[in-house]
Amino acid sequence: MSYFATDEREKAKLRDYTSPEGRGDLYRYNQKENRTVLEVLADFPSVQMPFEWLVQLTPPLKKRAFSISSSPLVHPNQIHLTVSVVSWLTPWKRTRHGLCSTWLAGLSPNEDHLIPCWIRRGSLPRPRPSVPLLLIGPGTGCAPFRAFVEERAAQSVADPTVAPVLFFFGCRNQESDFLYKDFWLKHAQGQGGVLSHEKVGGFFTAFSRDQPRKVYVQDKIKEQGARVLDMLCSESFKAAIYVAGSSTGMPADVTAALEEVLCQEGGVPREDASGWLKDLKRAGRFIVETWS
Ligand SMILES: Cc1cc2nc3c(=O)[nH]c(=O)nc-3n(C[C@H](O)[C@H](O)[C@H](O)COP(=O)(O)OP(=O)(O)OC[C@H]3O[C@@H](n4cnc5c(N)ncnc54)[C@H](O)[C@@H]3O)c2cc1C
Ligand SMILES: NC(=O)c1ccc[n+]([C@@H]2O[C@H](COP(=O)([O-])OP(=O)(O)OC[C@H]3O[C@@H](n4cnc5c(N)ncnc54)[C@H](OP(=O)(O)O)[C@@H]3O)[C@@H](O)[C@H]2O)c1
């Protein structure tokens, strides 16, 4: 850009950004503020870059992955997604919006749209109906588990002996972002519900901001320690654990809570609990898929 700048001050500023001394300024101006190519060009209007240069210098959009949150058994010709519309404030208090999630949210459900997409096998294997499940999915982490529960509910119609599901869900407020509330509650009720206590399953919620002290899924896992331990260790269950959602602190905190359950409820020595879970991972019975 400095090569094409005709204004001397702009040229100097751009040269400064690319010098070793200017690296910090560039990071603060560009990365920390998540500036787009268009915004940078607007900040340096004397840069008259030929279009073919611009096309070469602009990186292609990266693909965004989303978990499929519908069962192919129940919706053979559809794919449902559960997308959080991302926005945040930069250090200079500029509101930024996630590109793909904002674009998706702006599409009208009443019109036809062409959505360029691809499908690839995810890292969460589709569980066999005979495997009991311990699911932990706060926020949009519930996306793949909505598909799992929907599928298992459909399977249970033909085969009432399908294995139970214990699901820990968390969100900010019961009133604002309790995703698929009616769906979970329906499957947690009654005789046949795959999340129902009658089926030895369960559905537990952590609403983090509905009280002064934060409550997270890991708190509920500890509260339900006996049930969790039974699901994991008893001869009749030997459940598989699936964790999905934000990669920031949740997976480590959930793993620590599971270790605590093994120690407190199962009498496993603290130094062995982590190894026990690692063995479970190696055996393909503890699977984590997270995103930031
Ligand atoms: C395997 C996999 C499965 C996924 N499944 C789902 C799913 O089911 N549902 C779902 O909603 N998402 C899911 N994601 C995440 C999804 O792919 C996108 O990353 C997400 O939707 C954001 O994309 P975007 O284009 O809207 O935002 P972008 O334009 O990509 O913006 C996100 C950028 O903003 C930054 N950012 C975000 N918040 C802040 C903040 N508070 N402060 C500073 N910077 C911030 C991030 O670092 C990132 O660089 C999944 C990701 C993976 C890898
Ligand atoms: N503006 C909004 O109202 C709104 C609502 C939902 C999501 N979003 C945005 O959408 C994106 C994704 O949201 P999301 O709902 O999928 O996931 P999320 O932001 O990760 O939140 C899901 C739940 O997990 C909780 N949580 C935070 N840290 C945790 C930890 N270490 N262990 C366990 N749970 C933890 C959150 O509580 P706390 O957040 O209370 O700590 C919240 O209750 C984020 O960028 C978020 O900012 C915005």
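Cβ coordinates are placed from backbone N, Cα and C, and glycine is handled just like the others.
The domain 'FAD-binding FR-type' annotation in TrEMBL covers 1-132.
The DSSP breakdown of the domain 'FAD-binding FR-type' (1-132) into helical (H, G, I), extended (E, B) and coil residues amounts to 43 helix, 8 strand, 81 coil. Each residue in the domain 'FAD-binding FR-type' (1-132) has a pLDDT score, and their mean in this model is 94.
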